[in-house]
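Enquirer: Marked as active site by Swiss-Prot on the basis of sequence analysis: R265. Sequence annotations record features per position, and here Swiss-Prot assigns Ca(2+) binding site to D170, D209, D213 based on similarity to another entry. According to Swiss-Prot, the feature region 'Disordered' maps to 191-210. Residues annotated as signal peptide in Swiss-Prot, with sequence analysis given as evidence: 1-28.
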Amino acid sequence: MTNPSTFTASKLASAVIGALLLSSVPAHAADIWLDSATTGWATQNGGTKGGSRAAANNIYTAKNAAELKTALKASVGANGRIIKITGIIDISEGKAYTTTADMKVRGRLDIPGKTTIVGTTSNAEIREGFLYAKENDVIIRNITIENPWDPEPKWDPTDGSAGNWNSEYDGLTIEGANNVWVDHVTFTDGRRTDDQNGTANGRPKQHHDGALDVKNGANYVTISYSAFKSHEKNNLIGSSDSRTTDDGKLKVTIHNTLFENISARAPRVRFGQVHLYNNYHVGSTSHKVYPFSYAHGMGKNSKIFSERNAFEISGISGCDKIAGDYGGNVYRDTGSTVNGTALTCPWSTNIGWTPPYSYTPLAADKVAADVKAKAGAGKL
């Protein structure tokens, strides 16, 4: 029979040891604004920490446009800033933009280096604005970004065989910055889908540009567990064939991310070493608003490594609609599927690089369930 006093002493000792162990874990371990990037290219070049080490007086909460702009412009210490987004923020403050120039002045949000922006409520969202990351070491997590709607699209008769309408501003532009992590962010046309815009000059009047673009020498970028929904031209990595200085830069990882009813550019790549793994693409070539055209655009000197992605696209069966030829000549895929069948592509697989970071990809048949459960804002 156990001596009661011995049993009590044993329990007490266990409790003390447990308390000591718990005391070695930071009290803020569950605070997502204190995280650094853990996957993909953003872990390289010294890693991506954002404002995770910000001093207490450099941590802001923003629930409206004025508070967000103040937090972005504030002078902060050497360890940067954290901005917590609560609820839906309308950058226009209820006053509709009248011109592209008006939108540029009132809608642009420049993100300083060493900044973490994180949604802390289930409905955290930025509307009627567009974000620029042009400085190093930025983290954006757990928010919805409604893609900006340009009130003044321009007609270009030389765009394509019949001309096209083009607009300005992406939901997020990463331009010339090193080390950016975009995690659990949802990008969507939201309240203004393309079927509401009508036509002119015989073509749909397009008020949207991109959702998320990476350009002008940006480098070491990871987009993880995010969601792109209902958009035409989604992601551009590399802005011009003539910008040859981008070669050796534009290192981007996109993984475990949803592409739902995305027509094209998921992503379209020039020059970059781009790793695309465990992404879930779902759509249809006959969708009434966002018909699928292609996913991965092979542009000039692009070096795409596609790995264990799952494509569920009604109306396609082969690689020609997965990897679109836009001047590239190499493309490596391993383990991806199209409507449950192994993807086979005719391109040279000699992309000339392998990921320098560790990762453990799922099999393609596990991707849909994982992405549906975990990708996008509100799922951290």
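A Cβ is built for glycine as well, from the same backbone N, Cα and C atoms used for every other residue.
For each listed feature, how buried is it and what is near it?
Expert: Within its own chain, R265 (active site) has G210, K233, N234, N235, L236, G297 as residues 6 or more apart in sequence whose C-beta sits under 8 angstroms from its own.
Taking a C-beta cut-off of under 8 angstroms and a sequence separation of 6 or more, D209 (Ca(2+) binding site) has the following same-chain neighbours: N147, P148, D150, N166, S167, E168, Y169, D170, K233.
Broken down by DSSP into helix, strand and coil, the region 'Disordered' (191-210) contains 3 helix, 4 strand, 13 coil.
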Enquirer: Taking every protein chain shown into account, which of the binding-site residues D170, D213 has the largest tally of Cβ atoms within 10 Å of its Cβ?
Expert: D170
Enquirer: For the region 'Disordered' (191-210), find every same-chain residue at least 6 residues outside the stretch whose CB is under 8 Å from a CB in it, and list them.
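Expert: Sequence-distant neighbours of the region 'Disordered' (191-210): 146-151, 153, 155, 162-171, 173, 230-236, 265, 288-290.
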Enquirer: Using the CB centroid of D170, D209, D213 as the Ca(2+) site centre, which other residues of the same chain sit with their CB within 8 A?
Expert: F130, Y169, G171, L172, T173, G210, A211, L212, K233, L236
